[in-house]
């Protein structure tokens with residue numbers, strides 16, 4: 001036991017140096033100097049506190065490789081990708097929202113771009129698919145959210161089998177060597193330039209948007225410190241949700257109930273309840289010490305929040321006074337996502353890592369990352385698609401690519 005702790009400490013110390021090296025190149029000398037020591041001591045503390053099972057779990061990186069595999073890279077955006085989402089209706093396609101002012105829809109199997117949405121004149125900050133129709137909702141730096149209809153023809157599956165057997169490695173290498181040449185992938189695919197509906201009434205960047213259950217209303221979150229609830233058919237503003245003291249960072253809707261959660265730079269997230277048309281109650285949650293980057297619902301009665309304070313907290317909707325679990329990490333956390341069936345939380349980090357935790361805060365895996373595979377800049381968002389046979393987790397980042405992963409969930413939970 002003692003020996004295991006010592007070897008773990010050595011590894012953490014080495015990791016700390018690696019992190020320093022990676023970040024010094026970004027010129028963050030001052031902040032790094034103050035962080036690295038406290039970060040390391042925090043890591044050592046948590047290590048000593050860890051139970052035997054946790055110590056065993058921290059030696060998992062070797063086995064995780066087979067459990068978590070990189071399957072596909074989706075390359076074609078000309079700037080960082082803020083958001084990734086999976087269609088909820090057939091055909092199941094992947095959607096990405098990018099700072100290059102476009103949203104792209106992809107074939108998950110072939111990695112081919114199927115549709116380009118070019119209706120925004122600012123960065124596209126989020127993308128969400130309608131629960132039952134072929135409609136996408138995108139939020140943008142141009143102070144609007146757009147709803148647009150898409151019709152995609154998925155490529156026939158025959159060539160997929162060929163490429164996956166023969167050409168996968170060659171494709172991967174060329175992607176790495178010449179990322180800019182791949183920027184023309186989206187120029188071949190059909191372009192949509194006009195939205196079905198434009199939702200306008202924000203006075204600042206619209207950072208996120210989501211459909212309410214049923215898809216007849218949509219909610220948007222903005223840097224103007226408000227969230228807006230719209231009627232989709234008439235595009236009229238139904239409610240303006242005010243109360244946050246600083247810019248909003250994200251919004252999320254409950255899968256089956258008329259509930260909305262908004263996150264903000266003011267270190268809080270708010271739960272808005274529209275279940276009773278006559279009363280719109282709001283609850284404020286103050287569990288973080290820095291920007292809340294996202295808060296999301298799970299299928300049960302939980303909310304999971306992630307923050308720049310490097311923690312993720314799991315809350316029970318019925319008792320939101322204090323979190324039921326806290327996950328402490330070594331890097332700021334971006335847009336998290338929880339897998340519906342097994343409730344596994346995917347954490348995309350500023351430090352290019354993606355980690356998987358269960359709802360009680362036990363770390364299950366870290367997705368493989370090396371100079372040859374994985375994200376090369378900060379990871380902005382994660383999205384599960386449990387039923388897809390090929391890729392069941394997607395991530396996107398500022399390296400302009402989205403990645404499709406295959407996570408062997410039963411094996412992952414067995415290792416725990």
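We count from 1, first residue shown onward.
Cβ coordinates are placed from backbone N, Cα and C, and glycine is handled just like the others.
Computed from a predicted structure; not experimentally measured.
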| field | Stated TrEMBL location of region 'Disordered', expressed as one of 101-129, 130-158, 159-187, 188-216 | value | 159-187
| Taking DSSP states H, G and I as helix and E and B as strand, how many residues of the repeat 'WD' (241-282) are helix, strand and coil? | 0 helix, 20 strand, 22 coil
| Local confidence of the repeat 'WD' (117-148) - pLDDT mean | 97
| remark: In the same chain, residues at least 6 away from the ends of the repeat 'WD' (241-282) whose Cβ sits under 8 Å of its Cβ atoms read 126, 204-205, 207-213, 219-229, 288-297, 299, 303, 305, 307, 309, 317, 320, 335, 340
